[in-house]
Amino acid sequence: MAATSTAAVDQLAADLGNTSLDNKAAAPAPIDTSAVPEAQAEGAEAAPTPTAAPHPQASASLYVGELDPSVTEAMLFELFSQIGSVASIRVCRDAVTRRSLGYAYVNYNTTADGEKALEELNYTLIKGRPCRIMWSQRDPALRKTGAGNIFIKNLDAAIDNKALHDTFAAFGNILSCKVAQDEHGNSKGYGFVHYETDEAASQAIKHVNGMLLNEKKVYVGHHIPKKDRQSKFEEMKANFTNVYVKNINNEVTDEEFRELFAKFGEVTSSSLARDQEGKSRGFGFVNFTTHEAAAQAVDELNGKDFRGQDLYVGRAQKKHEREEELRKSYEAARLEKANKYQGVNLYIKNLGDDVDDDKLRAMFSEYGPITSAKVMRDSLIEGSEEKDEKDKENKKEGETKEEEQNEGSEKKTEKKGDRKLGKSKGFGFVCFSNPDDATKAVTEMNQRMVDGKPLYVALAQRKDVRKSQLEASIQARNQLRMQQAAAQAGMPQQYMQAPVYYAGQQPGFMPAPGGRGVPFPQGGIVPGVQGGRPGQYPYQQGGRGGVPPQQMPPMGYPINQFGPGAFPPNTPQYMAAMGQVGALGGGRGGPAGRGPQGIPAGIPQGLQGGPAVPGYPPAGRPQNGGGRGTPRGNANFMAAGRGASPIPGAPADLSAGSFLQAQLATTQDPQAQKQIIGENLFPKIQAIQPALAGKITGMLLEMDNAELINLFEDDNALNVKVQEALAVYDEYLKTQGQQPTQQPAEANGEQPKAEEQKPEEQKA
């Protein structure tokens, strides 16, 4: 039986000898992998194909790799559910950015479904990219042993993952197969095949190494880990025999070049590089039989004058090795430069447009000697300037030709001077000679008002350092948010698990094992589900939205922690609903007295009867001897009798700027942050300029968030900004031929009309 099996493998290898994997060329008949020895053919059942061999593990978990970043759990569920019942799907994502890492895990209920998916769906195109499927191996030691893993190089560019898999599947069960690709999806010419056993890997190396695949001779060998390759490479470097020589006189012949090195030992080969015309390129190579001879030649000839030129003689290096050494030298120089300016280089932003290098230096010169000061500017586009210049010259019709030429030359001179300084980017750098001076400048200049703008001054940091700090802060904030949400939902933190995709459910969080763990919200609620149409959302009946136990709401609509149909605080729907509460009757017998039947829809259960925010008493409790209900007609219940805050909903013991910063910390979306600032800024501007509050708010929102937060602390600065916005708007109205807003209102007759209506309103 063993002899028959060996003969079958030899026959497969012979068939591989003329295999062509190029789709364009006419390929011979495919290899018949279903052939089995006669001894096995007499059995009751035939053995399964290598790729469909049953996995020894009882788990039915598959690893799906090489995925496009835009692939979601829903796309994978639609594909893998065609094979059988899917238990769960999870696309692995970055903990901070939530971007896909390019791989996922698919769990089936039975191992048979997993084997079928591995057989039929491997290398299936998903979003234009073939996926790679293998059994999930949770033990990292088994994944990294390298047993059964082979390396193939010199592959043709037409060979992809599937073609490589089909070629090597004849020798045994393949766990994983991959052709290395660049960022554009092109083959790098090498790949890896991981067999289940070492015997299968040895058979593949024995029969395929040195054979032609797509008319290219391939190399197949055992995979050597990078650590072992590095140690072997260091050993080769220490025992080099090949020498590189440059700075050679162009008149030196091959014989003279060889004789120069022959005195140090036996030379196996020597060569001078020449161009197409046969002229020397000034460098060459010499290979010795022993390392000692090569080392002696390097020691004695390096820097020696030969035919009027100093030679460079050193160990011959490959291109990737030279690039690596060059990269290391650049990295060392960069780190040395960064360490040199550590603690003395300051970053300043929120600068005015009129601040140049000299003015920036003058601002910080009082704190100590400055080595350099630079304001970053945009580069000017010459094409736009030349076009403007031509337009101006075409308008001068009454001037003489000489005058036009003279003026044109003068303007060109001015334009050339202007091109040296582009528009300021609003930030710059100041480098001190002493770290103590830099620290003092940061302490005294940070948040100082200069030209109506608060400066931001801090120590300059490299981009990678800033990115790592930002990721760490975002991750810590997300973790704190998850803990707070878990505490509100009454779920222990140890039951918090990563989001997965369940069959028959929507994306959410895995239920806690052995309990009824309640998932926590993911940053939003179902807006107005109770008032929606029947069947608008899953599990909705009779126009009332609900989620059955242990199930998840639709993607993008997490469970509403404020109650069914409720709105979160600080939204227009929330404020409108609270206004309805103020209009309800108060007292023990009023509609808002005891039960939630008198509360309008959209109010969180925790806020029925009063606001449940920090700094306010619990909802529904009597305050200062008052009744249980909300006073009748009190629409502005948040400020009545409790000490109004500059921002509605802010605690009395917290400043407006601090409260706003706390709100902005809940989101990283710039558009959402602007919306939060606008909602809080509009009431303050409306008190100053009611008629144009909306326009002025929109104009001020173009400012930096840090500057806007300062406006909440300084009413005078806010008034100045409002007046500046009004002035800009008046200039715009003048250009449109309309009446400015700052003119008296009596001119159009509106104010007298309003005064005439006042007595009537009072009588009514």
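Placement of Cβ uses the backbone N, Cα and C atoms for every residue, glycine included.
Here's what Swiss-Prot has on this protein:
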| type | residues | note |
| --- | --- | --- |
| COMPBIAS | 387-399 | compositional bias 'Basic and acidic residues' |
| COMPBIAS | 408-420 | compositional bias 'Basic and acidic residues' |
| COMPBIAS | 587-596 | compositional bias 'Gly residues' |
| COMPBIAS | 597-613 | compositional bias 'Low complexity' |
| COMPBIAS | 752-764 | compositional bias 'Basic and acidic residues' |
| DOMAIN | 60-138 | domain 'RRM 1' |
| DOMAIN | 148-225 | domain 'RRM 2' |
| DOMAIN | 241-318 | domain 'RRM 3' |
| DOMAIN | 344-462 | domain 'RRM 4' |
| DOMAIN | 657-734 | domain 'PABC' |
| REGION | 36-56 | region 'Disordered' |
| REGION | 375-420 | region 'Disordered' |
| REGION | 587-634 | region 'Disordered' |
| REGION | 735-764 | region 'Disordered' |
Residue counts (helix, strand, coil, in that order) that DSSP gives for the domain 'PABC' (657-734): 64 helix, 0 strand, 14 coil
Secondary structure content, the domain 'RRM 2' (148-225) (per DSSP, counts of residues): 22 helix, 30 strand, 26 coil
Taken over the domain 'RRM 4' (344-462), the model's mean pLDDT: 76
The domain 'RRM 1' (60-138), counted residue by residue under DSSP: helix, strand, coil: 18 helix, 30 strand, 31 coil
